[in-house]
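Quick look at what TrEMBL annotates:
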DOMAIN    6-150  domain 'Flavodoxin-like'
BINDING   SER12, GLN13, SER14, GLY15, THR16, ALA17, SER59, THR60, TYR61, GLY62, ASP132  FMN binding site
DOMAIN    199-437  domain 'FAD-binding FR-type'
BINDING   ARG346, ARG378, ALA379, PHE380, SER381, GLY410, LEU411, CYS412, SER413, TRP581  FAD binding site
BINDING   THR451, SER509, ARG510, LYS515, VAL516, TYR517, VAL518, GLN519  NADP(+) binding site
Amino acid sequence: MMERKLTILYGSQSGTAQDLAEQIWRESKMYFFRGNVLPMDEYDVSELIGERFVVCVCSTYGQGEEPDNMKRFWKFLLRKSLPTDSLQQVHFAVLGLGDSRYPKFNYVAKKLHKRLLQLGGSALLPVGLCDDQHDLGYGAVFLPWIDQLWEELTHIVPLPVGTLKLPESPREFRWQVDIVKEDGGNPDSIDLYAEVKMPNGFQTVVVENRRTTAVDHFQDVRMITFEKKAVPWCSGDVLYVRPHNSKDSLDQLFEIFHEHEFNLNRKTCVQVKAIDTEMPVPSILQQPLPLVAIAEQYWDLTAIPRARAFAVLAKNCTNELEREKLIEFSRYEGQEELFAYANRPRRTILEVLLDFPHATKCLTLEALFELFQPIKPRAFSIASAAESGKLQILVAVIEYKTKLSVPRRGLCSHWLKHLQPGNVINAWVRKSTFQLPADNKTPLVMIGPGTGLAPFRGILQERELSETPTSAPLVLFFGCRSSTADFHCEEDLKRMEQSGMLQLFCAFSRDQPEKVYVQHLIKKEGVLLKKLLIENAGYVLVSGSSKNMPQAVKEALIEAIGDAQHIEKMIHANRYQEETWA
């Protein structure tokens, strides 16, 4: 009988692919599979030849790049010396996480699936293409895909005669969590991630945190300056930071603990322990820690809960009405209802706990580590050139209203807003998703409304401070509401324009009766854009909100140059690039 071993590997940039890989691992226990779940780069890829069943979950980053923790794995698979029958014993399945707004949607998953086939592997099922743009999120593809996975696997390796699939996973929880009497130390002095070494990682100090928008403007935008460190960066590169929860969120969490008579307070010291080798404890949680440090730095208290959280809440719930609703939200058939309840109004996990008091009362420490997602790092385009001696980011502080009474607030932007000069943070730099032309004489057409300006300010500043100034045409289409309220980096841009190095087009949408956006200005510049993009083989770089702007800009460029096919050729040649965010 074929061994019931299933190896689950993930390539994850922000943590979502890891979450889904762990869910597959958890469900595999219902079918009596054993096996590890690991980042691809922590797996000994030479052992792949001896595997029978492998599931790979991977996201696509930027312009079709693989995540940092699968680069070595992918490089090994690309070796030309590998025989085409290397993986003839391997049955595999690939699940991709992507965003259909990008031309290279799920590119990494597609190329991994193709390469595994080239090496002789047998696909258990077609590559799963999860789309962040779907109303129901990744679950719209993931949930039916995983059901199909179990169907295929049980067809190849049926359960032993007389053995039935378990109704729920025997590994509902990843780890064992105990309250210990040890002193976890002063919570204010604990940095969970102090010993975590990231590529190009460093500690830096806040030098200035300045509001760039008018005080009476509806949105607070910040130019935050950090001390320049030895870590190098190039124009357009990205700074990653990992935020902390706010005092208000922490107060709300511990009030919930108090209200439900949990024997837990801020100073309660807990020890997280591995149950087996399949699911090791992250290094940051391996020592005894006060609960407040975990709540502030590890658990995302503002996250919108996924289906998994509702299954955890339903587990020991004694109230029939609550349990019934929670089970509905946790199943594929209830995903539309879950979207209406949680995703559309952006309801946080803490608000869900308040809505389901009977279920909350039954939670255990182990359940809390399943319920709360880890805080994911956030990325910001660096808005300055290394030559300036300053490391700067331009941050829009997120705050908006839904049907819920309390305004929604962005976890990271509000954390950044409240940083004070002298505060120390951990950060790391990653290469830009923008791939700039090697020849500095190639024209650049940059389109960056709002904080989409950030990477272009860095690119322009680098050119301005260069010892060999570029003669290339540099064009920027910038947009904001008002020339007096939110014209970010106005002084810099006007100086560059006056010096002749930059052609600047500004769309101030509310400064006249009719709204004017960057796409309206683009349509008027057909002569200029034909010359730069068609005659001189220039590049187009688009940065900013992913909602409507990128498509509107693309349509405007097609109208301006009168050649849709040329724009498509630019996209395929990587001369038309987008860096957008929700």
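Every residue, even glycine, has its Cβ placed from backbone N, Cα and C.
Summarising the environment of THR451 (NADP(+) binding site), the number of other Cβ atoms within 10 Å of its Cβ, over all protein chains shown, is 26. Distance between Cα atoms for THR451 (NADP(+) binding site) and SER381 (FAD binding site): 9 Å, as a whole number. Of all the binding-site residues given, namely ALA379, VAL516, VAL518, the one with the smallest number of surrounding CB atoms inside 10 A is VAL516.
SER413 (FAD binding site): 19 other CB atoms within 10 A of its CB, across all protein chains.
Considering only the binding-site residues ARG346, ALA379, LEU411, ARG510, GLN519, TYR61 (FMN binding site) has ALA379 as its nearest partner by CA-CA distance. With DSSP classes pooled into helix, strand and coil, the tally for the domain 'Flavodoxin-like' (6-150) is 59 helix, 32 strand, 54 coil.
Note on proximity: of the binding-site residues SER12, TYR517, VAL518, the one nearest SER413 (FAD binding site) is SER12, by Cα distance. For the binding-site residues listed here (SER14, SER59, GLN519), the lowest count of other CB atoms within 10 A around the CB belongs to SER14. Around LYS515 (NADP(+) binding site), the C-beta neighbours below 8 angstroms that are at least 6 residues distant in the chain are SER509. Cα of SER12 (FMN binding site) to Cα of ALA379 (FAD binding site): a distance of 14 Å. The sparsest Cβ neighbourhood within 10 Å, among the listed binding-site residues (LEU411, TYR517), is found at TYR517.
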